[in-house]
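Student: Grabbed the feature section from Swiss-Prot, which reads as follows:
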TOPO_DOM  1-21  topological domain 'Cytoplasmic'
TRANSMEM  22-42  transmembrane segment
TOPO_DOM  43-64  topological domain 'Extracellular'
TRANSMEM  65-85  transmembrane segment
TOPO_DOM  86-153  topological domain 'Cytoplasmic'
TRANSMEM  154-174  transmembrane segment
TOPO_DOM  175-193  topological domain 'Extracellular'
TRANSMEM  194-214  transmembrane segment
TRANSMEM  218-238  transmembrane segment
TOPO_DOM  239-265  topological domain 'Extracellular'
TRANSMEM  266-286  transmembrane segment
TOPO_DOM  287-294  topological domain 'Cytoplasmic'
TRANSMEM  295-315  transmembrane segment
TOPO_DOM  316-339  topological domain 'Extracellular'
TRANSMEM  340-360  transmembrane segment
TOPO_DOM  361-391  topological domain 'Cytoplasmic'
TRANSMEM  392-412  transmembrane segment
TOPO_DOM  413-417  topological domain 'Extracellular'
TRANSMEM  418-438  transmembrane segment
TRANSMEM  439-459  transmembrane segment
TOPO_DOM  460-476  topological domain 'Extracellular'
TRANSMEM  477-497  transmembrane segment
TOPO_DOM  498-794  topological domain 'Cytoplasmic'
Amino acid sequence: MDLNLGKCCGSRSSKKESWRSVLLLAYQSLGVVYGDLSISPLYVFKSTFAEDIQHSETNEEIYGVMSFVFWTLTLVPLLKYVFIVLRADDNGEGGTFALYSLICRHVKVSLLPNRQVSDEALSTYKLEHPPEKNHDSCVKRYLEKHKWLHTALLLLVLLGTCMVIGDGLLTPAISVFSAVSGLELNMSKEHHQYAVIPITCFILVCLFSLQHFGTHRVGFVFAPIVLTWLLCISGIGLYNIIQWNPHIYKALSPTYMFMFLRKTRVSGWMSLGGILLCITGAEAMFADLGHFNYAAIQIAFTFLVYPALILAYMGQAAYLSRHHHSAHAIGFYVSVPKCLHWPVLAVAILASVVGSQAIISGTFSIINQSQSLGCFPRVKVIHTSDKMHGQIYIPEINWMLMILCIAVTIGFRDVKHLGNASGLAVMAVMLVTTCLTSLVIVLCWHKPPILALAFLLFFGSIELLYFSASLTKFREGAWLPILLSLIFMIIMFVWHYTTIKKYEFDLQNKVSLEWLLALGPSLGISRVPGIGLVFTDLTSGIPANFSRFVTNLPAFHRVLVFVCVKSVPVPFVPPAERYLVGRVGPVDHRSYRCIVRYGYRDVHQDVDSFETELVSKLADFIRYDWHKRTQQEDDNARSVQSNESSSESRLAVIGTVAYEIEDNLQPESVSIGFSTVESMEDVIQMAEPAPTATIRRVRFAVEENSYEDEGSTSSAEADAELRSELRDLLAAQEAGTAFILGHSHVKAKQGSSVMKRLAVNFGYNFLRRNCRGPDVALKVPPVSLLEVGMVYVV
């Protein structure tokens with residue numbers, strides 16, 4: 001949509017175009033967001049009436065279950081998600097990590113290493129809410145003071161992440177199995193039990209095998225399939241209401257819930273584990289918020305998905321209230337008119353595949369986010385579309401999910417056990433979202449704690465009721481998501497814990513700048529042509545792996561760049577703000593530092609574009625740095641020799657911006673002060689890229705007292721030195737680039753506890769050996785790779 005439309009056509013035309021775009025997004029969201037939620041009528045009633053309760057002539061059970069389904073759909077997806085949780089977005093992004101990122105920006109509870117104050121200057125980092133009040137500052141201070149709460153918060157987020165992964169395994173199994181189960185009405189029992197499982201497994205194998213092609217080629221048919229399915233189930237539901245029981249609307253009264261529990265007692269409470277499946281997929285509304293927007297998801301659910309689901313469930317309840325002795329027990333397909341059975345079966349299978357595809361893609365996305373925040377072992381991430389952001393494929397995870405999904409389908413063989421397992425995973429994710437949203441209400445929205453407590457108690461009690469009912473089915477399938485989440489949580493926490501310890505080891509063993517400056521021919525050190533990119537997690541100082549490299553191979557490249565690729569707690573980092581560049585040592589040393597910042601949903605560049613852009617940023621920095629030096633030298637008349645011994649030995653990291661070539665067109669800039677490791681006050685000025693005629697540049701301003709001893713040189717000499725430095729950079733680029741990475745072996749300190757030794761010596765090293773190396777994550781070509789062996793004692 002053209003943002004200038006309103007200026008050209010008037011506000012009325014602009015509003016019309018805006019609503020047209022929102023409605024289009026709402027339509028497209030059907031295939032991505034609501035596939036899983038829309039197919040739940042296939043198995044809700046069948047799971048609920050599996051064993052715990054029986055259908056009686058009085059219809060109290062049917063009416064009670066219908067009342068529970070209606071109020072659960074109304075309170076959780078509609079009230080909680082559509083009107084509250086969707087507003088807790090992180091720059092338009094949703095999901096567990098979005099909530100965690102939002103909290104970490106308002107409260108210092110992040111466990112991410114190499115955090116810099118300069119990160120707060122990012123445009124996506126801005127805190128738009130009013131200053132904190134007394135009530136939320138108390139909560140903030142309490143959270144920041146107790147370090148164990150930081151770990152507890154991370155564990156809570158990891159729990160939600162692990163349950164999403166478990167849901168990615170269970171949802172395809174139960175969705176496809178329930179859809180294919182419609183064949184039971186057209187087959188004998190003997191043939192049915194030998195046909196459904198193979199057909200389900202075949203569909204699942206095809207589904208996972210096609211993942212590497214991406215969904216962008218067939219994604220345009222997802223929305224029509226789900227729309228057709230919603231119209232189909234709502235139409236059948238309306239027909240059943242009119243045909244069998246027009247008074248089924250009475251079941252919407254909450255009194256039937258209490259009557260149901262009073263009659264069925266413990267059995268009714270245990271049957272809630274099947275009822276909760278009606279909200280399977282509701283979390284996708286928040287998790288996929290970044291692909292659409294708040295208005296589109298709200299409109300699609302409120303005016304289409306919600307009414308269609310209510311009609312579908314009411315239609316099933318109306319049919320079952322008049323058929324107490326069905327030969328095929330209770331299920332979705334018994335309420336479908338016989339003339340529509342085969343078309344509905346075909347649409348149901350297609351809709352189940354679409355719903356499964358959405359949760360599989362969501363699993364890939366959340367694992368990629370976990371990896372970017374250092375909470376998951378390195379895996380290969382393939383971007384399946386150059387046009388659509390976020391379309392990724394992870395081979396290892398895909399095949400693991402496929403094997404486990406088929407194993408679960410063959411092992412459980414019925415909707416009851418699959419529903420018990422899926423329900424527990426779904427409810428655990430919702431509980432995590434409720435807890436994190438209550439923190440957002442206090443810390444980010446600055447609302448009174450009593451409001452957050454009311455939100456937590458109201459929705460938390462509903463979800464705990466369902467969660468407790470799911471736990472009672474532990475031996476009947478609910479053990480699976482608990483086991484899976486435990487395994488994944490151990491893997492993620494061990495990886496994150498050891499990664500933090502490695503960073504602390506690097507921080508303690510970094511080498512001083514003086515050591516680097518002392519390296520020269522007198523010590524037998526030679527400089528070879530080319531650019532050496534030394535990758536490190538440190539944002540200051542010289543990493544120990546470089547000193548080890550020089551010790552074993554007394555040579556390094558003519559142009560040396562210490563590169564730190566780091567993640568910041570924002571979803572995206574604008575390209576104009578991604579690079580922070582600075583000098584390491586004096587000008588003639590040709591050493592630089594570059595910090596590359598990515599958000600947890602950013603797409604990492606391939607090595608060719610990264611290398612080209614990095615050299616471009618270095619060239620821009622060199623030009624502007626010499627321009628600034630010349631101005632300061634002309635104004636202050638300070639000596640270059642003094643500068644080299646003092647100021648240039650200080651590390652200063654700067655940000656990249658775009659500014660106009662013309663002097664009279666200066667963009668608005670924001671300044672933020674921060675201290676480097678030498679306690680020098682720097683000022684970073686960052687601006688948004690201009691729409692036309694712009695060149696990427698770097699602005700770097702230093703306090704005047706940092707150059708007290710600097711002398712002045714002539715403009716001609718400065719230009720000559722500038723050209724010389726740029727020629728050296730160009731020559732080094734033509735000579736080739738080498739990527740220097742550490743190859744780590746980690747072991748626990750002597751005297752460490754048994755748990756720590758198991759986690760570090762066996763757990764982490766096993767994961768490191770069997771997962772992708774850092775060169776794969778950074779997409780480094782093997783021909784340009786130099787690995788330095790490092791032993792970390794943590």
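Heads up, the Cβ atoms here are built off N, Cα and C, so glycines get one too.
Given the structure is predicted, the values throughout are model-derived calculations rather than measurements.
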Student: Determine which recorded stretch among 154-174, 266-286, 295-315 has the most C-beta pairs below 8 angstroms with the transmembrane segment (392-412).
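Tutor: It is 154-174 that shares the most Cβ pairs under 8 Å with the transmembrane segment (392-412).
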Student: Check the transmembrane segment (266-286) against each of 22-42, 154-174, 218-238 and return whichever range has the most CB pairs under 8 Å.
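Tutor: Of the candidates 22-42, 154-174, 218-238, 22-42 scores highest.
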Student: For the topological domain 'Extracellular' (43-64), jot down how many residues DSSP puts in helix, in strand and in coil.
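Tutor: The breakdown for the topological domain 'Extracellular' (43-64) reads 10 helix, 0 strand, 12 coil.
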Student: Please work out whether the transmembrane segment (154-174) lies in contact with the transmembrane segment (295-315), by counting C-beta pairs under 8 angstroms that are 6 or more apart in sequence and asking whether there are at least 3.
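Tutor: Result for the transmembrane segment (154-174) with the transmembrane segment (295-315) is no.
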Student: Using a Cβ-Cβ cut-off of under 8 Å, list the residues of the same chain that are 6+ residues beyond the ends of the transmembrane segment (218-238) and lie near it.
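Tutor: That would be 27-32, 34-35, 38-39, 41, 304-305, 307-309, 311-316, 318, 335-337, 340, 344, 347-348, 350-351, 354-355, 357-358, 388.
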Student: Taking a Cβ cut-off under 8 Å, which residues six or more beyond the ends of the topological domain 'Extracellular' (460-476) line up next to it in the same chain?
Tutor: 72, 75-76, 269-273, 275-276, 416-417, 420, 423-424, 427-428, 430-431, 434-435, 482
Student: Assess whether the transmembrane segment (477-497) lies in contact with the transmembrane segment (418-438), where contact requires at least three Cβ pairs under 8 Å among residues 6 or more apart in sequence.
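Tutor: Yes, since the transmembrane segment (477-497) and the transmembrane segment (418-438) share at least 3 Cβ pairs closer than 8 Å, they count as touching.
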Student: Under DSSP, the topological domain 'Cytoplasmic' (86-153) has how many residues in helix, strand and coil?
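Tutor: For the topological domain 'Cytoplasmic' (86-153), the helix, strand and coil counts are 40 helix, 2 strand, 26 coil.
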Student: Verify whether three or more Cβ pairs under 8 angstroms connect the transmembrane segment (418-438) with the transmembrane segment (295-315), leaving out any pair fewer than 6 apart in sequence.
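Tutor: Contact absent: fewer than 3 Cβ pairs fall under 8 Å.
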Student: Same chain, outside the topological domain 'Extracellular' (239-265) by at least 6, Cβ under 8 Å from its Cβ: which residues?
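Tutor: Long-range Cβ neighbours of the topological domain 'Extracellular' (239-265): 52-53, 60-68, 70-71, 271, 311, 314-319, 321-323, 335, 337.
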Student: What counts of helix, strand and coil residues does DSSP assign across the topological domain 'Extracellular' (239-265)?
Tutor: 23 helix, 0 strand, 4 coil
